[in-house]
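Straight from TrEMBL, the features:
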- 12-34: transmembrane segment (TRANSMEM)
- 130-151: transmembrane segment (TRANSMEM)
- 194-213: transmembrane segment (TRANSMEM)
- 253-270: transmembrane segment (TRANSMEM)
- 290-315: transmembrane segment (TRANSMEM)
- 335-363: transmembrane segment (TRANSMEM)
- 396-421: transmembrane segment (TRANSMEM)
- 427-449: transmembrane segment (TRANSMEM)
- 456-474: transmembrane segment (TRANSMEM)
- 494-516: transmembrane segment (TRANSMEM)
- 607-632: transmembrane segment (TRANSMEM)
- 743-762: transmembrane segment (TRANSMEM)
Amino acid sequence: MAGIAILSQGVGYGVVLGVGFLFALGMMFTTWTLRRYNNELQTSEVFSTAGRSVKSGLVAAAVVSSWTWAATLLQSSAVAYNYGVSGPFWYASGATVQVILFATLAIELKRRAPNAHTFLEAIRARYGGITHGVFITFGLMTNILVTAMLLTGGSAVIQDLTGMNPVAACFLLPVGVVLYTMFGGIKATFITDWVHTVVILIIIFLFAFTTYATNNILGSPGAVYDALKAASARHPVEGNAQGSYLTMQSREGGIFFVINLVGNFGTVYLDNGYWNKAIAASPVHALPGYIMGGLSWFAIPWLCATTMGLAALALENNPVFPTYPLRMAASDVTAGLVLPNAAVALLGSGGAAATLVLIFMAVTSAMSAELIAVSSIWTYDIYQTYINPKAQGKNLIYMSHCSCVAYALIMAAFSTGLYYAGIGMGYIYLMMGVIIGGAVLPASLTLLWDRQSWAAATFSPIIALACALIGWLVQAKSQYGDLSIDSTGSNYPMLVGNVVALLTPLVTVPVLSLIFRTEKYDWVSMKMIRRGDDTDLTTAAHVDPELLPGGAHGETAQALAAEEAEQKHLLRASKIARTLTVCLVLCFLILWPMPMYGSGYVFSKKFFTGWVVVGILWLFVTSICVGIYPVFEGRKTIARTFKSMYLDVTGKKHPVTHGRATIAETAEVEQKMDKEKDRDAEAAIVLALDLNDLDHTSSIVFSATNLYLVSTTYRLLITHKMSKVCGGQPKRSTQSSARAHPILSLVMSALLVPFEVWITSYRMNTGHWIWLFTINFGVSVIIRAVYRKGWNAKEESTEKVEV
């Protein structure tokens, strides 16, 4: 923006760190709440699959959020700036069909491998370790490219708007994402995805209504249309019908469409994040979730780019535009700066702030999905498969956490290197299909065709990658005479590389399957994939695994009957998915755009107005599907949770617990009660504060070790907690005291959420014990200082706990 940042660096750091930590604290509180009030224990299965019970509305919101990259908003606006009204449609349609078609694969994975954590586990079950290694490589390359694109695009916009160092942005953007992903797992990504999506939709509505309704310079579709006509006269677009920005017939736009279509197959079908969401979805909700998500997502890049890309064209000849009187440099367009420039021209510093929040939401929501994808690959496809096959839940969670941190650091460093090399978001976006497109067909046929041989699945991606690289670089060298970022990043070399990568397996797969012919695959080995062993976590927490989300699995008659009914439903959903997805794809790729492209129609003012109105209405439908509907679906759970929180805070009812106390534990408590006769009112205050959730054995031991040294509070705390577990009633003084201090109880419990999660997530060492004892002691001293007078009251009698 002419070298001048609209916002201060403080704003940049405040959004990147402040909003990131806000989301992290919110997810820690949400995780604690779900465990405390909804009987959810954070096992390795829940961390990676959310209990395989997510409903369609939240699946759709997660799909929309995960597919809304920084490039969704920035690159789509850039192609609108370059090619006019065709650019947004080519971007949106060329990236929607993959999600819609993926619904079929999502159903097939749940049919063929119901216990899988990643799609790579299904590949190993069918073909073995060598093929598994090949697809691990392609899967990780996909995650690396997507994350690099997120960080490079996000850091470029943050630098442009605030002057913040892009290297600092690359390292700080992942911080909050890592925190809330570690604490909440994939369920955290689902919930934050919904929040991110709602914020993104609100900001896009703000931009759309400003451009087409309220702006002093534009303010209506007709005014934007007139400005685009003038822009076409000033600098006509080569390859567009009549050189106009107001036509779907665009040669360069068509080339981008093919590149976009081919490249995005790889980023959906090989990104484990989308398979994670398919695995996490309830069998009943997988198909509607992905269909609704794909159709909802279409409106976001279409309307955003139709608004911001065209607004940039309409306003760049006006003094309000940051680069006036010059047009934007090609490098700035490639870096994704069309949208922020248009936002500043429309809304000034307010537009810059809105863009900053918009891009932050897009980057962090998509990156959380990449973190879960990589952690799942490392934990289940590498660590549990080849390093520690007997790993149980606590080890698996620990590995997931470590992989999240390590991956974030590696990608921050890698993105910094790309920045210094001059490689931006646009270059990576176009190149992705060249690198990973060759594995799309073999991965899909693993679930769809029972005749694909081991050799075809193993060697086709490698052959396709080699051919794609050769075609890409040879085309760049022959067309431009050198190999540079500019030459290799141009449309024709990228087109050749992407198309060769995707289509080569169409030859190699059938040929290699015929040469190395195998028997018809029976799908049995995929069904033998086992779930993670979380017995150490469930036993420590006294939880019946069958009560956890997705816990009803095994060899019981009830479980087998449920599985049979589920398979019948999935078979029916599979047939529906194949028909529905093909019809939708034909609409998006042929029936809608091709007549307009072939006719060379240049939009009239009325047609352009209708085009804009349809985009706005579609975004309203998106808001209902992914903003309101998930809340409606979860209304009962939300209401129950808030009711339980209210009753807990006011002392009227204790929250649910994970299982029941054993007879031995109850006897031990009774012995303690017999030895200790002096029960005082300290129990009331400790109960109200609920310093540690004693539903977990680790927390019981923690409280027993620390609070005993602090005061007699420990003994009464055990009495009250175990009486509640065993069905007894709390003492009257306890009830009244808890009701007397609800605000203090809520505040202190919230402050201790991070420590609560930490305590129950790891095995304790000496350093942890000392640190936690210090915290407990400090809190106890504060309580004593404030409520000293109330501690002189004595209870007249103590009820004995009954089993």
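These residue numbers are counts, starting from 1, taken along the chain as shown.
Backbone N, Cα and C atoms are what each Cβ position is placed from, and that goes for glycine too.
Predicted, not measured: the structure shown is a model, and the values here were computed from it.
Against the transmembrane segment (396-421), stretch 130-151 has more CB pairs under 8 A than any other of 130-151, 427-449, 494-516.
Annotation: stretch 607-632 has the most Cβ pairs under 8 Å to the transmembrane segment (194-213), among 130-151, 253-270, 607-632.
When the stretches 253-270, 335-363, 427-449 are ranked by Cβ pairs under 8 Å to the transmembrane segment (130-151), first place goes to 427-449. Spatially, the transmembrane segment (494-516) is adjacent to the transmembrane segment (253-270); three or more Cβ-Cβ distances between them are under 8 Å for residues at least 6 apart in sequence. Cβ atoms under 8 Å from those of the transmembrane segment (427-449) belong to residues 71, 75, 104-105, 108-109, 112, 119, 122-123, 126-127, 134-135, 138, 141-142, 145-146, 148-149, 152, 259, 262-267, 269-270, 334, 418, 456-457, 460-465, 467-469, 472, 485, 489, 494, 497-498, 501-502, 504-506, 509 of the same chain, restricted to positions at least 6 beyond its ends. By the count of Cβ pairs under 8 Å, the stretch nearest in packing to the transmembrane segment (607-632) among 290-315, 335-363, 456-474 is 290-315.
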